[in-house]
Structure formats: C-alpha cells, structure tokens
C-alpha cells in the first residue's frame, strides 16, 4: 500500500475514533473511562498522518522544479541505450539518509535486498556482474535510472525514464557510468535517468554520477512513488520479493543527498530483461519506505473499523446477547463468592428508589438481609422475550463490549406484548421473595407496578 | 525497452492503492443501505458490535505502544540499553520481568515495543519476557483483579506469581533454546541511529506511524477473529464444567485464547464464571494476557510467522503449568 493511502486511512481512523468519542457512540462499545483514551488515540493518529503528509508535500514541492527542467530536456532526447563501461555499483547500505552505491565491478552476484529491508533502512547491494547485462529500466512516475553495473565494461542499458520524474535510481555513486557515445556506443540518454546522475548525460550520455550527489536526493516522484513492482527477472536475489508496494518517500531526510539519491519514489518496474547484468537501479533509495512490503498489505484492514464506524455504526449489545447467553450459569459477578450479608448496606429510604439492575439482581440473590423485600424499585433496561416469559435485561461490561455479560429480571404481571425485544422501558417493581435461586439460575422475578417506555440511555451498559 | 514515440515516454499509469481505496469508499457509500440491512441479522449485529468494541478498546493502547516503540527507536540507543541490562541474558530476564511491572502496557502495545527492543540489540529472550510480563503483572491489571474478586485477595497474589513465572520461564527457555533465525529478517533489522535532533523527531514520528499502520492491521484481524468466536461459541459448553477440574482448566485456557479479552477486563469475566472453581479461572487469567488469538496474529505479523508458531504453543503450555502451580501454592 502506498504511503499516501496509509496516511489517508490513518486520518479516517483517527477521525472515526474522534467522532465516536464526541458523539457519545463510544459508549456502545467501551466504558466511559475510555473517552479520553479514544480522543488521545484519534489525535495521535491525525498528527502522525499530518506529519507524514506534510513531509511528502514538501518533498514533492522540492521535486517539482526539477521535474520541469527535466521534462524540457527530455523533449529532444531519445531513449538511450547506454553502454556502460565499468559501472561500478555497489550499494552498500542505505540508512535513513543515504544510499551509497559503490561498485565492485565484477562481482558475480547481485543480491538485491531491497525489499526486505526493514524499517527505514534498506540495504541494497547490487552489483552487476555479468558482462553484458542488458537492463532496461522503465519507470513510471519517477523514474529511475538504471544503474548498471556491468562488469566488464558493457552492460547495455536501456534506460527510459519516462516520466518526468526525477529519476532516481541509479546508484548514485556510480562511479562513472558512461553511456552513450561516450561509451562509444549507445544512444544518448534520455530523460529519465537522472537520479544519481541526473540526467546529465546529455547526448553524449555520460552520466557520471560519480559523486552521486547530483540533484538526486529527493526524488519522490510525484506520482510515482510507491508501488514499485518489479517484473524483472533478476536472478537471484532472494530477498527481494518484488512484490512491491514500497511506499517510497522516503527517507527521513534523504535530502541531503550526499550520496546519492535520497529517496526516490517509486518507479515501477523495470523490467530487466537482461540477464544478469543487472543493474538495477537502486531502488531503495528511498529508504523511507519502511519496508516490509509484507506488512503494508495488512494496513488495508484498517479500512474495516472505519467502514464499521462511519457506515454501519453497530448498535449496543441487546436482546440477542442476552438470549445467546441464556443457558449459561449465573453471572452475578463477585457476589457469589460470599455469603454476602455484610456486603450490602441498607437501601436508602423513600417511596420508590432507583437501582442498577446489577445491584437489584445481586441483592435479590445474595443479600441475606433481604433488603429488597417489600420495597418498590425503579429499574431501567430493555425487553427480552424468552420462552413464555418477559424479562427486563441490561448488559454489564468490565471494559468493552467483548466482555459483556447479561443481567436480567423476570417481569411478572406486565403485558410486554406491545414491547418488542430491545425496546427500552422503565419499570417500578417489587421483588418476589426467594425467586433468585439455583433453580432459576439466580434470575429473580419481580411484580410490576408501573411500566413506561423510555429512550435508550446514553450509556446502555452497566459497569 | 526502448521507447521511441514521445507519447509513450509518458509515465505509465498504474492503478495505485489510493485509487483502490477511493473506489472502495465510493462502493461502500453507495452500498451503505444494503450493507446495513445485510448486517441486520442479530448474530451479525452482535458480532459487528463486538468487533468495533475490541478495535476501539485496543487502538488507544496500541497507539501508546507505538509511541513508546518510536521513542525507543529514536531516543534510546542500543548502547544505552546494553548498559542498563545485565550482559547475560539469564540475568537480564528478571530485570525485564520487573520492568513489565513498572510499565503498564496493554498486550497489544507490548508487541511493537518488544520488537523495537529486539531491533536495538536487546536479547530476544529479554524482550519476550517483557512482552509477557508487561500486560500481565502491571498495577492496573492487579487492581482490577482485586476489584473483581473482592473476597479473594490470594487471587491477586496467585495471578501475579503465575504470570511472572510464565514470563521468566519463557524468557529463560528462549535464552537457552531460541534461535534468532526464527524471527523474520525484516522484523529484527536494526534501525540506524538518527543523527541530530531534527532527524530524531522525524524518525520518532515515522517509526510510530509505520508501526501503527502495520500493527493496526493485524489488530483488526485479531479483533475480527475474536468477535466471530465470541458470537459463535456456545457459552454453555464451558459453563457446565464445575466439577471436572482438569477439563475445566483446559477449557478455560482455550477460552482465554479464543476470547482475546484485554488483560484489564478479563478478571471481571473470570469472576462472573462463578460456576467454576477458582483454579480454572486463575488459568484463564494467566493464559489470556500471555497468548490469545489476537496477540498471535499481531506477533506473526510483527515478528514473523515462524516465530509466532513456536512462541505461541510454548507460552500456552508454560502459562498453564505456571498457573496451576501458582494456584496450588496460593489458593
């Protein structure tokens, strides 16, 4: 997944968290104490995303100018076939900031280790071995130049950097890659390969990026960034899984480009048809992409909670959960461990007093002082029909809805026919003594004196 | 690949993830009413609620975790850590266990932190001990356990002992038998130390962001799985185990893995399963923070599948054994 997409998902997710914490919907999912945590998390997500977006924009702006110039240059140019002579390429490591490429000529292997580079660093080493490698690099977006190391002096490189992107790529410090006429053969380089050498190979094709620093650094191709997919048959190198999706942009500060390109965004694909000459344009210059292509794929899943919150907004748990748990043992928390009499202070005096459903059920089941008897209690909950009985129920949560458990009271003497499941009511009841026993699974019965529908409370759960 | 016509030199446009995301959103918006009605069966509605609840509950802690992880990457050098920790892993393991007490951390938050420690050259056994200890023995968890079991102070002691023992034993076993190659190579690659204050902050933000995006995705997978199981598991099959102690222990251990509750909250659930004796419930409390389905997915994504496939069963078994021993001693 591209970096921009990740940032957008983060913004959305942070927005979703803020939305539910400010509208109060969060109470359907977690306990009230989590509100500040949610706000904090939402804000952090927005800040992280904003920071990354700001960096991308800055990098983009910096590249834009270069782009223009290059476009112009490129008009006249033709694709290049560059013959490199002794192109050195060794990309030793990229740390956050740099990619160094040096080239061992003649190395036989070309390990490309880009993709796996974790985090922000990537080590790429590639060295071309073979003599005539033909490398064609095609990049979209930002381009990459192909660097090609040949060993023996000739690697044919076709570099087409189409796009006005600033190209990247190539190992920056290529010592000298000569292309084009300079090498004697080859046509002038075309746009596109700039990168380490930014295009400077004019017609004569000589791009010597020797010092690498040429403008490079920082090319995050505008559009190109990200999504690097490599088709090419490189041989070998294992670790590079080609699957791409680098998110380019990079490095934390790649701009100092002292050695080479700092970042370049993606180019996609270079096909290399070549046999191993590979050159290979140092992808990876962008170090910033933090690598693991394996995992960026998981980021897609972040869209799920976003959809769920914005589009579906699942309701608080209700009758379905109560029925689902119907055949379970009593869930009268904690109180069941004791004999309990000392646990319950006397009820306040008054004609009708309001109690939480949890407390009502616990007292009915465990209070040896029978403090509920002959008292009128006001309870609020939703209706659940089970078998032939009607119940007043409430879900109680410890932390979030995943750990919710139901508490319920059987309502006697009330006509609940007009109240479907999940409709909220307030009742005034009197407990029927000794009904909360093991036989009833500690669900007390209560006779109803009054009943009226009420709206769903802001916090649908008890705690 | 030579291109001659200027027209073809134009960058080849590819469909990028950004476009895919936009299309996805548009489709979702158009299909919203269909989506809502499709979710309108009671089971799906309940599942959706539980899923959102797990995500909403865990994300803030994950955010805390990635901030700590980013801070370690940017501000704590490997050298500092080396100086603080005893050189020998066997001695450093208990230090990590104690550090877990001091740093309240949800289990989801501990995963990115543990990975960062490994990247900073801390011995994996030490980082893993921290990973296990931090969510299980921190003060918040112990207090919530005490609140959930008001008449059973020994439950708190037993939980502390069982969880701490699990963390230490797993750490020592890993120090002795663990192999570095089990970690995915991208997971343990060192982040080069940033130079200069500005690049430190940049690095802090970038690593935190990257960790969040990655781990967040895995958290969502874990949340989905846990929500599905939460709804699909017939609660009755573990509720009738009152007198079968061994079976009760096994079932509660499995349940701890499948329900994937937050370590702050699991004590309330355990307390509510009053049909069971205390010992199986203690097993539930010790196993849950050490390993559960959501953590497994998170670890596989963060540290590598080969690692997770070894670490999860090891932790599961060690946690059961430690919990039973702690229960026998303290309860």
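Glycine is no exception: its Cβ is also placed from the backbone N, Cα and C atoms.
Fair warning: this is a prediction, and the values are worked out from it, not measured in the lab.
Here TrEMBL flags A:143-152 as compositional bias 'Gly residues'.
Here TrEMBL flags A:168-180 as compositional bias 'Low complexity'.
Annotated compositional bias 'Basic and acidic residues' per TrEMBL: A:224-246 (among others), in sequence order.
Taken from TrEMBL, the feature compositional bias 'Basic and acidic residues' applies to A:253-293 (among others).
Helix, strand and coil counts from DSSP across the domain 'DUF1980' (A:370-461) read 3 helix, 46 strand, 43 coil. Under the heading domain 'DUF1980', TrEMBL lists A:370-461.
According to TrEMBL, the region 'Disordered' annotation covers A:140-295.
As annotated by TrEMBL, transmembrane segment applies to A:33-54 (among others). Residues 3-4, 6-8, 10-11, 13-18, 20-22, 26, 400 of the same chain, all 6+ positions outside the transmembrane segment (A:33-54), place their C-beta atoms under 8 angstroms from a C-beta of that stretch.
Look at TrEMBL and you will find A:299-317 (among others) tagged as transmembrane segment. Remote same-chain residues near the transmembrane segment (A:299-317) are listed as 1, 5-6, 9-10, 12-13, 16-17, 19-20, 25, 27-28, 395, 401, 404, 456, 460-461 (criterion: CB distance under 8 Å, separation of at least six residues from the stretch ends).
In the predicted model, the domain 'DUF1980' (A:370-461) has a mean pLDDT of 88.
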